[in-house]
Each structure stands twice: as C-alpha cells, then as structure tokens.
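Engineer: Take this structure first; my questions come after.
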C-alpha cells in the first residue's frame with residue numbers, strides 16, 4: 001500500500017523524448033566563428049547589396065577609423081594596393097588579404113618592431129634595455145627590431161649590396177661569424193659606453209661586414225680586379241653615413257615620450273671595430289686556414305677579452321656608478 005506503480009516502458013520513453021526535445025535548443029551550441037567569418041561580417045557591413053565588391057571610398061573610411069594607430073602614409077599604401085586595377089572596386093578576397101594581413105598585423109608591426117617612438121616599444125622581449133641586461137638573449141635578439149622603416153631599409157640595402165656578394169665568395173660560415181660577432185660587440189659596446197640607452201637594429205652586424213669589406217678593398221686595392229670597386233665603396237659609405245647620422249640624431253633628439261629613451265648609436269661603432277680587426281683577417285685569408293695564422297688568434301683574444309670585460313662591467317659597474325637608468329618597461 002502507498003506505492004505507486006512504475007510507469008510502463010512506452011510512457012517512460014515518451015517522457016524521455018519530450019525531455020530531450022526541450023533541452024535540445026539549449027544544449028545546441030554554435031561552433032566558434034572562424035576568422036574568415038569575422039572578415040565576411042565586416043565586409044558585408046560595407047556591401048549591403050551583396051555585390052561582392054566595395055568601393056575604395058568605403059575602404060578608406062575603414063582605414064581612417066584606425067587613424068590613431070596607422071599613419072597616413074601607410075593608409076595611402078594600403079589604398080593603392082587595394083585599388084590595383086584602378087577601377088574603384090575591391091573584391092572580398094583582396095579585402096581579406098589587405099585588412100587581415102596588412103592592417104591587423106601591420107599595426108602590431110608598427111608599434112613593436114618598426115616604431116621606437118611608440119611608448120610601448122620597450123615592452124618587446126627582443127629589444128636590449130639596460131634595466132633588463134641580465135636577460136642575455138637581448139644582446140643578440142635586438143637585431144630584429146628597427147627604429148623605423150628607414151632604419152630597416154638602409155640595413156637591408158647594405159646587406160644586399162655587401163653581404164650577399166661576400167657570402168658568395170667567402171661562404172656563409174665565415175660571413176655569419178663576422179656578422180654575429182659584430183652584433184654581440186655592438187650591444188656590449190652600448191652597455192659600456194652608453195649605459196642608459198636601449199638598442200635596436202642590425203647595424204652592429206651590418207657595419208662589421210661593410211667595414212671589413214671596405215678595409216679589405218683598401219688593403220688589396222692594386223691586386224683586386226673589379227670594375228666597380230670604387231662605385232661600390234662610394235655607395236656603401238654613403239649608406240653607412242646616412243644611417244649612422246640618422247642614429248646619432250635620433251639618440252640626442254628629444255623623445256616624444258620622455259620615459260621612453262631613444263636607442264643608442266654606439267652599436268654601429270662596435271660593429272666597425274669588429275670589422276676592421278676580426279673581419280679583415282677572416283675576409284683577407286679566406287683561402288687559407290685561419291687556425292694557422294697568429295694574427296687571427298690575436299684578434300680572437302682581443303675580442304674575448306672585450307666580451308669578458310663587458311660582462312664584468314655589466315655585473316658591477318652599474319651598481320658602483322649609481323646611474324639613473326630609464327624605468328623598466
């Protein structure tokens with residue numbers, strides 16, 4: 001007595017089906033939207049008629065909405081790329097390529113790789129900063145950042161003009177040795193001679209290659225058979241002078257963001273010092289075994305002594321001198 005009979009199988013199955021039917025709309029979840037869907041929604045906002053095209057005027061308005069992050073010159077470049085057919089229309093595929101790649105990634109590139117006047121550029125984990133000198137990788141990885149597109153462009157020109165021919169003659173191992181030695185010497189020279197400044201750019205390695213090449217040409221001028229050696233020297237010297245002059249001006253020019261100091265130019269001088277010592281020996285004697293030459297070992301010893309001196313300088317000198325360093329990023 002008092003016990004209710006259990007429902008039959010048919011009734012139980014019916015009730016379970018009704019419960020599943022009620023829960024189904026809530027249990028059903030949409031998968032996360034793919035990046036392509038995001039750009040399609042954005043594109044459709046400018047193409048309400050679903051024509052598959054938007055006008056360059058509407059694309060300009062989209063770029064101008066990011067005006068605080070993208071400078072006017074870069075906007076004009078993107079507009080020129082978008083209207084490559086000069087018909088005033090942009091299809092969806094071009095829109096995705098330009099916006100998703102150039103705009104989305106270009107803003108980050110501008111802030112953290114190419115634009116050292118941005119107040120957050122020092123937060124990049126690649127740049128050398130005196131407050132973070134204990135992070136040893138920064139003495140090498142600073143070469144992946146540059147002080148603007150002009151800085152990057154001049155370094156690329158010098159590497160193509162000098163580095164590629166040198167690698168074809170002397171091999172990648174020797175040229176890589178000179179390049180890396182110049183990079184490390186550049187950042188260490190800054191930590192010793194310009195202790196309060198950060199460092200960006202590959203100028204230390206580039207200047208090591210160029211100065212070694214130019215010194216080698218001067219030392220072997222009469223024996224070198226090259227019709228354009230004077231022209232190559234002139235172009236290299238002009239590019240080096242322009243890039244070095246810009247670096248000196250930038251270092252002493254008042255910063256737009258005072259807590260954010262401008263990068264040092266001393267890395268250039270460290271690269272030159274490596275080029276006219278270690279680099280000259282490597283390039284001048286590429287047909288012989290370097291291990292059999294006393295001058296090679298002398299310059300290797302000099303470089304090693306400098307590196308050890310700079311390491312101990314970084315450990316003790318900053319504390320003893322009680323310098324006022326820029327705030328940590």
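Placed from the backbone N, Cα and C atoms, the Cβ positions cover glycine too.
Note that TrEMBL annotation is computational and uncurated.
As annotated in TrEMBL:
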- 34-69: domain 'EF-hand' (DOMAIN)
- 139-164: transmembrane segment (TRANSMEM)
- 176-193: transmembrane segment (TRANSMEM)
- 199-218: transmembrane segment (TRANSMEM)
- 203: active site, nucleophile (ACT_SITE)
- 230-252: transmembrane segment (TRANSMEM)
- 264-283: transmembrane segment (TRANSMEM)
- 268: active site (ACT_SITE)
- 295-321: transmembrane segment (TRANSMEM)
Engineer: Can you tell me which parts of the same chain pack against the transmembrane segment (199-218), counting only residues 6+ beyond its ends and a CB-CB cutoff under 8 A?
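Structural biologist: For the transmembrane segment (199-218), the nonlocal Cβ contacts are 116, 127-128, 142-147, 151-152, 155, 158-159, 162-163, 166, 175, 178-187, 189-190, 224, 229, 233, 236-237, 240, 243-244, 247, 263-264, 267-268, 270-272, 274-276, 278-280, 282-284.
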Engineer: Out of 176-193, 230-252, 264-283, 295-321, which stretch has the largest tally of CB pairs under 8 angstroms to the transmembrane segment (139-164)?
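Structural biologist: It is 230-252, which has the most Cβ pairs under 8 Å.
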Engineer: Long-range neighbours only, meaning 6 or more apart in sequence with Cβ under 8 Å: which ones does residue 203 (active site, nucleophile) have?
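Structural biologist: Expected: 151, 155, 186, 243, 244, 247, 267, 268, 271.
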Engineer: Give me the stretch from 176-193, 230-252, 295-321 with the greatest number of Cβ pairs under 8 Å to the transmembrane segment (264-283).
Structural biologist: 176-193
Engineer: Provide the number of Cβ atoms within 10 Å of the Cβ of residue 268 (active site), excluding the reference atom itself.
Structural biologist: 25
